[in-house]
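A.B. asks: So that we are looking at the same thing, I have put the structure below in structure tokens.
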Ligand code: ADP
Ligand code: ADP
């Protein structure tokens, strides 16, 4: 299964990606996570990406695409993958299509996680991430009173780009650059919208129901 998740920042892509990828036994490939790992690791890629991420802008396509190409070439991605956060504009989508075509592959399905703006702002304002295992939490919805991960005990942090000013800009970037992917993939006949409101488990269930008809 070759799957892409699209949706605005805060829609729940990362949260759902961990469950969907594990249900389907495919690797979850989150470009945001790979960039953040490079930032923490102090690599050249991390230094470059950080200037864009801090502003809430997209990292340039050449850099992002090269990184995704490398990751998709790894052994564990040969029989399927779930992309979270890539592609993020039509140019990336076109290059992904050509890259997969060269390898005799194609996307099976693009799931759009649908939530309204107010919910997105609420979700991003309370997002906390575990610096040890990467799990995503929410201060209010997960009733997090301490700053510790319930899964591994690691310390939680708030992403720099989840501050209010940057969030507003990221939502504009989504509308301008990423939202056009919805009609791009609808035209290709592989887009399915999923209502991403309500409890996490219910959203996962809806996503799995949407995926089932596309499974080999
Ligand atoms: P969110 O989960 O809130 O949508 P991500 O973790 O996916 O955010 O991305 C964080 C940041 O990483 C983005 O704002 C952008 O700067 C960079 N980024 C992630 N994926 C891409 C991509 N496909 N193209 C360009 N930049 C990206
Ligand atoms: P994205 O990757 O699309 O930016 P995340 O998966 O990081 O989104 O989720 C953003 C925030 O919303 C996190 O704090 C997460 O715990 C919370 N969240 C995700 N799904 C739900 C849901 N169904 N109900 C309530 N909160 C959610």
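Cβ coordinates are placed from backbone N, Cα and C, and glycine is handled just like the others.
Straight from TrEMBL, here's the annotation block:
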type	residues	note
BINDING	10, 11, 12, 13, 14, 15, 127, 198	ATP binding site
REGION	30-59	region 'NMP'
BINDING	31, 36, 57, 58, 59, 85, 86, 87, 88, 92, 159, 170	AMP binding site
DOMAIN	127-161	domain 'Adenylate kinase active site lid'
BINDING	130, 133, 149, 152	Zn(2+) binding site
A.B. asks: List only the single closest residue to residue 149 (Zn(2+) binding site), chosen from the binding-site residues 12, 14, 57, 127, 159 by CA-CA distance.
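C.D. replies: Checked the binding-site residues 12, 14, 57, 127, 159; minimum Cα distance to residue 149 (Zn(2+) binding site) goes to 127.
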A.B. asks: Can you grab the distance from residue 13 (ATP binding site) over to residue 86 (AMP binding site)? Cα atoms, rounded to a whole Å.
C.D. replies: 11
A.B. asks: Please list residues from the chain of residue 10 (ATP binding site) whose Cβ is under 8 angstroms from its Cβ, counting only those at least six apart in sequence.
C.D. replies: 115, 119, 120, 121, 123, 124, 127, 167
A.B. asks: By Cβ distance under 8 Å, which residues at least 6 away from the ends of the domain 'Adenylate kinase active site lid' (127-161) in the same chain are close to it?
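C.D. replies: Residues 10, 14-15, 18, 33, 36, 53-54, 56, 167, 170 contact the domain 'Adenylate kinase active site lid' (127-161) from elsewhere in the chain.
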A.B. asks: On the three-state reduction of DSSP, what should I expect for residue 88 (AMP binding site)?
C.D. replies: coil
A.B. asks: Who sits close to residue 86 (AMP binding site): which same-chain residues at least 6 apart have their Cβ under 8 Å from its Cβ?
C.D. replies: 4, 29, 31, 64, 68, 92, 96
A.B. asks: Using Cβ atoms and a strict cutoff of less than 8 Å, what residues sit near the region 'NMP' (30-59) while being 6 or more residues removed from its termini?
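C.D. replies: Residues 13-14, 17, 67-68, 71, 83-86, 88-89, 134, 159-161, 166-167, 169-170, 173, 177.
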A.B. asks: Taking DSSP three-state, what's residue 14 (ATP binding site) in: helix, strand or coil?
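C.D. replies: SS state of residue 14 (ATP binding site) = helix.
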A.B. asks: If I take the Cα of residue 152 (Zn(2+) binding site) as reference, which of the binding-site residues 12, 57, 59, 88, 198 has the closest Cα?
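C.D. replies: Comparing Cα positions, the closest of these binding-site residues turns out to be 12.
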